[in-house]
Amino acid sequence: MGDALRAYGTLAWAWLRAAAQYPVSMVLLGLASAAVAGLDAAGIGLLFSRVHRLGGFGAAQVLFLYATSQLAFVLSDALLGNADLLARHVREGTFDAMLLRPVSPLVQVATEEYSPRRFAKLVLPAVLLAIVLPRLDTSWTAGRVAMVPVMVASGTAIFCGLWVLVASVQFVLLESHGAGKALTFGGSFLTQYPMSVFARDFVRGVTFAVPLAFVNWQPALYVLDRPDPLGLPAATRLASPAVAVAVCGLAALAWRAGLRRYRSTGS
Amino acid sequence: MSVYPWIAWFALRRQAAYLAMALAEGLTNAFFGLLRAFILIALWRERPALGGWDAADAVTFSFVTQALLGAVQVFGGLDLTARIRSGDVAVDLYRPVSLQGWWLADDLGRATGTLLLRSGPPLLCGALVFGLRVPGPGRIALFAASFVLAVLVSFGLRYLVALSVFWLHDDRGIQPIALVLTLFFSGMTVPLVVFPDPLRAVAGTLPWSALVQVPGEVFLGRGNAAGALAFQAAWAAALLLAGAAVTGAARRRLVVQGG
């Protein structure tokens with residue numbers, strides 16, 4: 001574990017230094033990535049230019065969901081995001097070279113082309129979170145204040161687990177790559193909105209089958225002191241850290257199983 | 001027989017080679033269609049008749065645009081870009097056919113293949129979960145014309161972005177700018193009818209609306225179909241002419257390295 005972390009740090013730093021060789025490109029790419037990431041926020045802004053409430057939630061509350069969802073997603077993307085590119089490595093046969101090196105292939109894939117622009121996308125959600133927190137119209141207790149960083153941390157862990165799970169499936173079903181995006185990018189999109197806009201059965205699916213509701217929705221109900229449309233017990237709102245641990249454990253098992261099943265594409 | 005239909009045919013066949021992959025992409029399109037439909041239903045519940053549409057229009061729009069998204073390549077990109085960077089474009093220019101014509105034929109084949117392979121899952125999902133507005137045969141024909149024009153406009157824009165690499169040597173700066181403009185002004189982020197008024201009028205005159213918003217409206221039978229097709233055709237013609245002019249300039253600019 002310690003070795004893997006050290007290797008992660010070394011490789012990430014090497015890629016960062018490589019990116020810094022082209023400072024203008026690096027800054028422009030950072031700005032551009034931030035703008036692409038800001039589109040979803042612009043979409044929410046446009047919706048609220050026409051209505052005051054969406055699914056029973058006001059603009060500040062929806063932006064709170066947006067900010068926590070995107071902080072978690074961007075952090076997971078910064079840590080592991082390139083797991084998305086695993087399918088390409090498997091298809092092109094370059095994954096074989098990774099297996100020959102004395103570093104975990106997950107670390108190699110995750111740090112590939114590590115670039116500061118991965119963090120540029122954090123700026124907008126962080127700023128929005130700072131703006132909306134005082135406008136949330138909730139009575140702040142110590143527990144609610146503590147829940148905000150806890151939900152971002154567990155959301156990050158849940159998304160990390162999903163990246164690895166989706167990547168693991170690609171060892172077996174190479175062509176599942178496109179459908180995995182529904183889970184990762186789709187999860188990032190759907191957690192920006194209150195679950196009260198979705199149909200109940202759909203919300204049950206993203207609570208119990210794929211635990212996206214624990215990224216920010218359930219903890220947000222606790223922070224905002226709102227009733228759960230599904231009527232789940234109050235303890236569910238505090239379950240995000242436990243769910244995150246379970247998802248990551250499952251992902252670790254799946255990755256190992258996938259790696260064992262891996263067969264080179266040959267030539 | 002001219003070479004262009006063959007280029008288009010092989011591009012179409014290339015899509016069919018990755019059948020399972022296209023289906024997987026189609027499933028993701030269906031999922032996003034579902035999410036957008038739920039969100040727009042919540043919006044129309046607060047503001048019925050927003051922008052002259054009803055909730056059924058908004059739901060149909062969500063799924064039809066997801067069905068189109070791959071074919072009109074909203075996320076950008078043209079294989080030509082990598083060939084300009086690597087210098088392989090010299091081989092393309094060597095051929096006794098027009099560079100623009102070659103890639104246009106390739107793109108039309110790709111778009112047809114993608115539409116056939118990837119539009120099924122989102123349309124089926126929308127029809128099963130919500131029920132979609134199904135247009136009559138006349139409107140389907142108008143929509144088919146609008147789709148072809150949307151692909152032409154999309155190609156026109158992506159071809160210009162690709163040719164900019166002759167001057168910039170790299171597309172990583174311009175690509176995200178093109179992406180933001182396309183996603184925002186095409187009606188992909190939010191349908192243009194939701195835009196507040198001055199912005200909506202401006203967005204309606206820009207070429208990106210011809211990619212998603214206009215074909216969507218033609219499918220729904222909202223607005224004047226003849227005017228919509230003329231708008232798309234005008235942008236397609238303007239962009240293709242601009243592409244032809246820039247191709248000439250790029251041809252004079254190109255220096256192939258090595259010997």
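The backbone N, Cα and C atoms fix where each Cβ goes, glycine too.
Quantities reported herein were computed from a predicted structural model and do not represent experimental measurements.
Some features that TrEMBL has for this protein:
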type	residues	note
TRANSMEM	B:20-44	transmembrane segment
TRANSMEM	B:115-134	transmembrane segment
TRANSMEM	B:140-161	transmembrane segment
TRANSMEM	B:173-195	transmembrane segment
TRANSMEM	B:229-250	transmembrane segment
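By number of Cβ pairs under 8 Å, the transmembrane segment (B:115-134) is matched best by B:20-44 from the list B:20-44, B:140-161, B:173-195. Beyond the transmembrane segment (B:229-250), the same-chain residues lying 6 or more positions past its ends with a Cβ under 8 Å from any Cβ of the stretch are 98-100, 104, 142, 145-146, 149-150, 152-153, 155-157, 159-160, 163, 166, 207, 210, 214, 218.
Long-range Cβ contacts of the transmembrane segment (B:20-44) within its own chain (Cβ-Cβ under 8 Å, at least 6 residues beyond either end) map to 50, 53-55, 58-59, 61-63, 65-67, 69-70, 114, 117-122, 124-126, 129-130, 191, 194.
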